[in-house]
């Protein structure tokens, strides 16, 4: 078990702690399958929403917030019934625009896990405007429920007179299936193959700047991030930030990155190269490998 979970575990009820311990092993992927959720519910007698609220301290324990010291946890409920952790992440000494919000982290975790939408997101603090706009891009934005410790409301109640993809004549949505098979790269290198697969699944209907990052760690594990674009532009989540956030959720130390690659479309209106290099430099790790295809 990752040591970050020790303290929040001690705040949980004995039945919940006992049921969780076998699940929080070194292979924990910051998610609970429907079968694991059923086990936790049976052990505690808690219903879905109450159980997610009880688990929030574990999600918040994944937060990396050296600037704000404000630790936010989120749990996204995928349409498959799997629950996905998320936590905010900041980069020490770097511009705040590099930051990943907890809701973005949880949604990215679900998207990378193969989900095509989420039905509910549970968070320990009310979502900021940035996150509300990010969630309004989702395939399930019209029906998404936001669960807080003292409230359960539809996302749309947080966004009166909202702006979204339809205002820019876009019928696609974040987390809807993507297949940008026009991106082609001949390589037998597993890290580049992973980046290519992720880029083909990225979401960039406004710039066509389909892109993905793949990070290889010292222990041999590989984590990818896809570009997630937004109708309001600024809430878009770059692939480097998504890859870093996912790796941290799964217990990696970003100081142990051994290779980092960025693959993007050569036909996009934008490039992720400078942004990715800047983030990587902040980590003091490796040089960015790059290909536009």
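Counting begins at 1 with the first residue displayed.
Cβ atoms are placed via backbone N, Cα and C, with glycine included.
Listed in Swiss-Prot for this protein:
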ACT_SITE  103  active site, proton donor
BINDING   88, 89, 90  substrate binding site
BINDING   101, 128, 131  Zn(2+) binding site
DOMAIN    47-166  domain 'CMP/dCMP-type deaminase 1'
DOMAIN    186-293  domain 'CMP/dCMP-type deaminase 2'
Pairwise Cα distance for residue 103 (active site, proton donor)/residue 131 (Zn(2+) binding site) [Å, integer]: 6
Same chain, 6+ residues apart, C-beta under 8 Å of the C-beta of residue 101 (Zn(2+) binding site), given in sequence order: 72, 88, 128, 130, 131, 134
Helix-strand-coil residue split for the domain 'CMP/dCMP-type deaminase 2' (186-293), DSSP-based: 36 helix, 28 strand, 44 coil
Set of same-chain residues at least 6 away whose C-beta sits under 8 angstroms from residue 89 (substrate binding site): 63, 64, 65, 99, 100, 105, 241, 244, 245, 248
Shell list (Zn(2+); ref centroid = CB of 101, 128, 131; cutoff 8 A): 102, 103, 104, 127, 129, 130, 132, 134
Reduced DSSP assignment, residue 88 (substrate binding site): coil
Most Cβ neighbours inside 10 Å, all chains, among the binding-site residues 128, 131: 131
For residue 90 (substrate binding site): intrachain residues, at least 6 apart, with Cβ closer than 8 Å: 64, 65, 66, 67, 68, 96, 98, 99
